């Protein structure tokens, strides 16, 4: 059986959850249509999603049609950072991008389409809600061509009120765009030679799967118009991005979820091989897990299974698998699955409104952060404050809503601040010797640091021979340095430098790896004091799309938000501004754009990198460590 995984994507209120229900109903997977208004849909399965009528977490269901199983991944529709979009789309074989016939292409539609093209996912446009009054499809087509892609092929005729029906075009009516995009076919056509239907279909299929041609279909999910035809299109046009005939197992965890009974569930997309119940499965070079229970979605219901094939999505109840864990051979992952999640850019302090709910809050954050790698938290051991790190405002708003509506915890939140990094200013060396006060550890360590270009990260090397200092001591030094890099002179992560372990001494009767592990961060702090550090702040690259009449305002406002516009383009009465902006300023700039363009602007952002800051350094309190802080204090007193 053929297995394909598709995503249903759209801007808010375009009807994507309703379309999913219609696909399930028309294929026979369910016997009664669910309703977003009544909160009875299959895919918006949390109370928060049903109450708000939006999709917050990736939901999965399926149907079977003829010899094809279709897993539908109803992906989130509220995303404020492209990395979040990429993560949720990476498991798809294809996508249906909904466009409301009444509203046309919206800002969210453009963000989603941008991500689909970048990742390389074949996409069908489905114009929904054609049964509403006042529809002008020619305007919608023009909107798609101007804001998404001109490379579309209209596959159907539509009769609006009062007949309300959708019919496939005849062969000759739908091939113009296919012919125009191929020089060989165009020359053959203009010379009067007969074009075979097979070669036209093959050309359309090639361009569709290369993401250079986008078929357009029509219907009404609510009133079940055009859905049967869409099911045929889905099962015929899409194919699975799996390794056919490859026996080696490869799968990736793309979602972690907690059931109502607090069971931890890992969702896995299989890319090759067969997964059997009770199989020992490698998840790293040294680690294996045993499959004791396995589920998949069959006709909209979760069912236990004994084995799963390449292309399938399986669900395991497991405490050890993490988001992005790979089962089996990593080399068999598709290239788009190798996109790394960025670090959070913002942080804030959260506390429960009712102090007695503190443990409930911590338990809830543990589950939420486990499900979302772009959300992190820790408890400051000195102040006992709960520090939450995240990427963007919408993510924070959804987290607050989840805490209140799913976990019944109300919180108080402070204004978010940017997460900075630190880089050494110059080369420096420092050594702390054994038995020289105030060193209480049975170890000598000498380190050097040197700045590297922005974006290099931390590079570590040891020039101390393994013949002299064995691997366990060397590992301890590296672990201590890794810990020390978490807090530089101003309390931020240290990056973009080369750290060299240049000197080590131990006393064989008494020295232990713990001595080296404890001493290393103290030596690192002293060598950083000698080198000095500078603060780096995150910068985003942005691309703004806005009506041409707002060019002057958008351009002139940029310096107010420290934005640097590097390119300006005019296209189809629309201005496209590209540039860079500090992460701390993007939310205000984006809000301002939305306000003065009346919601007609789109702002796409991605992490560009880190730039050196100017002005007074921003400090954050150091996290205490009872085992080394007294020694740190004594060394800081004498240096």
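Cβ atoms here come from the backbone N, Cα and C positions, even for glycine.
A quick note: this is a predicted structure, and the numbers were derived from the prediction, not measured.
Per Swiss-Prot, these features apply:
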DOMAIN    1-242  domain 'tr-type G'
BINDING   10-17, 74-78, 128-131  GTP binding site
PLDDT averaged over the residues of the domain 'tr-type G' (1-242): 82
For residue 10 (GTP binding site), the number of other Cβ atoms found within 10 Å of its own Cβ: 24
Residue with minimal Cβ packing [other Cβ atoms within 10 Å] among the binding-site residues 13, 16, 130: 13
